[in-house]
Amino acid sequence: MRTKVILNSIIALTIGTLIYLLFRVSTLKIFSWINVFEIDFTKCKLRDLALSYSAALPQWFIFSLPDGLWAFSYTSIMLCIWDFKINSKNIFWILLIPLIAIISEIGQKIKIVSGTYDHYDLLFYIMGFIMPIAFFTKTINFKNYNL
């Protein structure tokens with residue numbers, strides 16, 4: 001199971017990143033990050049082709065799905081590291097990034113975090129966090145309570 005989870009995590013991370021590289025504006029940080037490797041994705045023919053189809057895609061696909069895929073990838077890897085078990089020793093690490101994402105999105109809604117609130121972003125963050133727990137977790141154990 002470990003190999004499948006790692007592979008699924010890598011695939012989710014890759015697809016989320018490709019959606020950003022193919023469909024999002026080139027001023028995003030990811031484009032400067034890949035320029036470190038002397039890769040200029042803004043001049044890629046595949047990106048030009050993808051952009052020509054972007055109007056036909058739903059907005060949630062371009063703007064929210066990558067967030068959910070990254071949350072899925074992170075949560076899957078954390079569960080893999082902790083042997084697919086959730087307990088009081090590892091819950092902080094499993095929740096860390098998904099909670100930061102969820103709280104920041106809620107913070108955007110109440111105007112204490114800069115950015116544009118999107119209910120699809122929030123939905124995809126939550127789904128990306130919950131799905132690996134539902135699919136891969138062997139046990140949830142806090143003291144004497146098992147779920």
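The backbone N, Cα and C atoms fix where each Cβ goes, glycine too.
The transmembrane segment annotation in TrEMBL covers 5-23 (among others).
Feature annotation from TrEMBL assigns transmembrane segment to 60-84 (among others).
Annotation comment: TrEMBL describes 91-110 (among others) as transmembrane segment.
Feature annotation from TrEMBL assigns transmembrane segment to 122-140 (among others).
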Among the ranges 5-23, 60-84, 91-110, the one whose Cβ pairs under 8 Å to the transmembrane segment (122-140) are most numerous: 60-84
Spatial neighbours of the transmembrane segment (91-110) far in sequence, C-beta under 8 Å, 6+ residues away: 67, 71, 74-75, 78-79, 81-82, 116-118, 121-122, 125-126, 128-129, 142
Tertiary contacts of the transmembrane segment (60-84) (same chain, 6+ residues out, Cβ under 8 Å): 1-2, 5-6, 8-10, 12-13, 15-17, 19-20, 23-24, 54, 90, 93-94, 97-98, 101, 118, 120-121, 123-125, 127-129, 131-133, 136-139
